[in-house]
Amino acid sequence: MQQEKELVKQKAKELLLDLLSIYTPSKNETNATKFFEKISNEFNLKLEILPDSNSFILGEGEILLASHVDTVPGYIEPKIENEVIYGRGAVDAKGPLISMIIAAWLLNEKGIKVMVSGLADEESTSIGAKELTLKNFNFKHIIVGEPSNGTDIVVEYRGSIQLDIMCESTPEHSSSAKSNLIVDISKKIIEVYKQPENYDKPSIVPTIIRAGESYNVTPAKLYLHFDVRYAINNKRDDLINEIKDKFQECGLKIVDETPPVKVSINNPVVKSLTRALLKQNIKPRLVRKAGTSDMNILQKITTSIATYGPGNSMLEHTNQEKITFDEIYIGVKTYMLAIEELWQKS
C-alpha cells in the first residue's frame, strides 16, 4: 500500500509539473498535444484527438473519466514546495485530470479498460464535451473530474443561458438630448436584475454593456449581455420571456446555453464514489453547485454520472491555485475503487 502511494505521488509530481508548465487557456489546448502523445506512449493508452475541439481521449472502454485540459487565462509559474504544487490549473482542473490519467493507467494494467478525456473549452462554451456527445460516444458510467475538496460528490449543477441584447435609438447632441439610450436601458436592467441569492432562485446578471462613440453625442446603439443561471426546478422559458418583455424594442439572441443537471443519489456512480470514500475512512458529502460543468453536457450520453475530484474548490480561478500530492493520491484511489466496483457490476 505504501509502495503504491509513493509510486502514485512520484508519478503525479512528474506529470502535473509537466502539464502545469504548458499554458492552455481555452482555445489553446493544442499546446498540450506533445504531453498527451508522451502519456499515450508511456502508459500504452490509445490516443485520439477530437478534430473540432482539440480534445484528448486516452484508452478504450465503456467507463469514462472526464476532465478538462483548458484553464482560465493567466499563467502562474509552477513550483513544488513541501509536497504542495502550485500553478494555473493545479486545482481546476489539471490536478483532477492527472489523478484520472494515473488511475486509468493503473486500472488498465489490471485489465480494467477505462477511457480518460482531457476535454477542451470547459472554461468557455464546453465545445469539447459537446463534440464528444456528437461523435456517437455512449458510456455506461462517467465520472467528471472537477475539484470537489476530495470529499464532495456533486449531484446537481444549475443551467445557464447567455443572452446578447442589441438596442438602437436616435443619437442627439448631449447638451439638448430628450432621451438617452444608456439611461433608458439602465432602468430596464435594474427592473429585470435578479441577484444571486440561493441555489433554487434563478439569477439574471448583466455582465457586459457597451454604448457610445463620442463625448457629446448620445449613443445610437447599445450592446448588453446577461448571464442567466437557473436550477432544474426553474422554468427556462419564463426567464427568457421575462427578459424579452422588458426589452421589447431590442433584439435578443441566445448565444450559448447549458441545461441544468440533477442525478439520483442512487445512481451507480454516486453510490460507487460514496463507498470508495468510505473505504478510505473519508466521510462523503453529496452537494450541488451553483455554476455549470461538463457534467451538464455529458449527461446526454450516459445514465450514470456524477462529479468528483481532488482540490480545494475555493482556489478555482484564483492566483493561489495549489494542490497537495496527498490530495492527488486520494483522488487516484477514489477513482480506482469506484471504477473497480462499477466494472465488477457491469
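Counting begins at 1 with the first residue displayed.
Just so you know, glycine gets a Cβ as well, placed from its N, Cα and C.
As given in Swiss-Prot:
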type	residues	note
ACT_SITE	ASP70	active site
ACT_SITE	GLU122	active site, proton acceptor
BINDING	HIS68, ASP92, GLU146	Zn(2+) 1 binding site
BINDING	ASP92, GLU123, HIS317	Zn(2+) 2 binding site
(request) By CA-CA distance, flag whichever of HIS68, ASP70, ASP92, GLU122, GLU146 among the recorded positions is nearest to HIS317 (Zn(2+) 2 binding site). (result) ASP92
(message) Quick check: with ASP92, GLU123, HIS317 left out, which same-chain residues have Cβ atoms within 8 Å of the centroid of the Zn(2+) 2 site Cβ atoms?
(response) THR71, VAL72, GLY89, ALA93, GLU316
(request) According to DSSP, folded down to helix, strand and coil, what is HIS68 (Zn(2+) 1 binding site)? (result) strand
(request) Please report how many Å separate the Cα atom of GLU123 (Zn(2+) 2 binding site) from that of the residue listed as 'active site', as a whole number. (result) 7
(message) Please identify, from the recorded positions GLU122, GLU123, GLU146, the residue with the sparsest Cβ neighbourhood, meaning fewest other Cβ atoms within 10 angstroms.
(response) GLU123
(message) As a test of the contact definition, list every same-chain residue at least 6 positions from ASP70 (active site) whose Cβ is closer than 8 Å to its Cβ.
(response) THR24, PRO25, SER26, LYS27, ASN28, GLU29, LEU119, ALA120, ASP121, GLU122, GLU123, SER124, GLY128
(message) Around the C-beta of HIS68 (Zn(2+) 1 binding site), how many further C-beta atoms are within 10 angstroms, looking at every protein chain?
(response) 31
(message) I need the neighbours of the Zn(2+) 1 site defined by HIS68, ASP92, GLU146. Which other residues of that chain put their C-beta within 8 angstroms of the C-beta centroid, in sequence order?
(response) SER67, ALA93, PRO96, LEU97, GLU122, GLU123, GLY145, PRO147, SER293, ASP294, GLY309, GLU316
(message) I'd like to know which of the binding-site residues ASP92, HIS317 has the most other Cβ atoms within 10 Å of its Cβ.
(response) ASP92
